[in-house]
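Some features that TrEMBL has for this protein:
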{"type": "BINDING", "residues": "Asp11, His13, His46", "note": "divalent metal cation binding site"}
{"type": "BINDING", "residues": "Asp11, Ala12, His13, His38, Ser39, Asp60, Ile61, Gly62, Phe65, Pro66, Asp67, Thr68, Asp69", "note": "4-CDP-2-C-methyl-D-erythritol 2-phosphate binding site"}
{"type": "DOMAIN", "residues": "5-154", "note": "domain '2-C-methyl-D-erythritol 2,4-cyclodiphosphate synthase'"}
{"type": "SITE", "residues": "His38", "note": "site 'Transition state stabilizer'"}
{"type": "SITE", "residues": "Thr137", "note": "site 'Transition state stabilizer'"}
Amino acid sequence: MLSYRIGYGEDAHRLEIGRPLILGGINVPQAPRGAAAHSDGDALLHALADALLSGLALGDIGQYFPDTDPAFQGLDSALILQRALELVRARGYVPANVALVVTLDRPKLGELRGEIAGNVARLLHLAPGEVGVSFKTSEDLASDHVQARVTVLLQRL
Ligand SMILES: Nc1ccn([C@@H]2O[C@H](COP(=O)(O)O)[C@@H](O)[C@H]2O)c(=O)n1
Ligand SMILES: C[C@@]1(CO)OP(=O)(O)OP(=O)(O)OC[C@H]1O
């Protein structure tokens, strides 16, 4: 019998001059500010990892990667995602499709849509058509941080 679970995750990071802006594992060129964070600050991969975990009630990434642990300073968020995916797979589930939303006023991200979707698909072992990527501005209501929201459908193997 087919069995499905829905997961949802979100994340936000303050934007600071002198930090890189990384979204979905892709470095955003010409970003005037990047994410202040303990790790590499990839809000999109953090929201995605939390979405995977939430679908099976496995907690959130802060439990597995506490921001008080110096070992995780500058951590590549792809490793966080990989760990979340392993936990999901260990329970017999895989992602079927994901929907990703990034809210950021500047810079425009449209030209990076394919690259971000392709990298997320690669990290999740999904076909590119299973990864939807949307960008939104906050209409200048929240210009000092980057936000990400993700839903995922998990399918039992
Ligand atoms: N950082 C961003 C934010 C938005 N876009 C694209 O702009 C269009 C309008 O966005 P609104 O939030 O004003 O509705 C939409 O097509 C977004 O994809 C972007 O490229 N980069
Ligand atoms: C990833 C971790 C750990 O390095 O830190 P941050 O990069 O600050 O990210 P956040 O999304 O605030 O929380 C998860 C943390 O535990």
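Counting begins at 1 with the first residue displayed.
Positions of Cβ are set from backbone N, Cα and C atoms, glycine also.
This view paints the features noted in TrEMBL onto the structure.
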residue: Asp11; record: divalent metal cation binding site; DSSP (3 states): strand
residue: His38; record: site 'Transition state stabilizer'; DSSP (3 states): coil
residue: His46; record: divalent metal cation binding site; DSSP (3 states): helix
residue: Ile61; record: 4-CDP-2-C-methyl-D-erythritol 2-phosphate binding site; DSSP (3 states): helix
residue: Asp67; record: 4-CDP-2-C-methyl-D-erythritol 2-phosphate binding site; DSSP (3 states): coil
residue: Thr137; record: site 'Transition state stabilizer'; DSSP (3 states): coil
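When the Cα positions of Asp11, Ala12, His13, His38, Ser39, Asp60, Ile61, Gly62, Phe65, Pro66, Asp67, Thr68, Asp69 are compared pair by pair, the longest gap among these 4-CDP-2-C-methyl-D-erythritol 2-phosphate-binding residues is 20 Å. Look at the Cβ of each of the binding-site residues His13, His46 and count the other Cβ atoms within 10 Å; the largest number goes with His46. The residues near the divalent metal cation site, meaning same-chain residues not in Asp11, His13, His46 whose C-beta sits within 8 angstroms of the mean position of the site's C-beta atoms, are Ala12, Ala35, Ala37, Gly41, Asp42, Ala43, Leu44, Ala47, Val146, Ala148, in sequence order. Listed recorded positions: His13, Ser39, Ile61, Phe65, Thr137. Those with a CB atom under 6 Å from ligand 1: Thr137. The two recorded residues Asp69 (4-CDP-2-C-methyl-D-erythritol 2-phosphate binding site) and His38 (site 'Transition state stabilizer') have their Cα atoms spaced 9 Å from each other. Residues in the domain '2-C-methyl-D-erythritol 2,4-cyclodiphosphate synthase' (5-154) partition by DSSP class (helix H, G, I; strand E, B; coil) as 52 helix, 45 strand, 53 coil.
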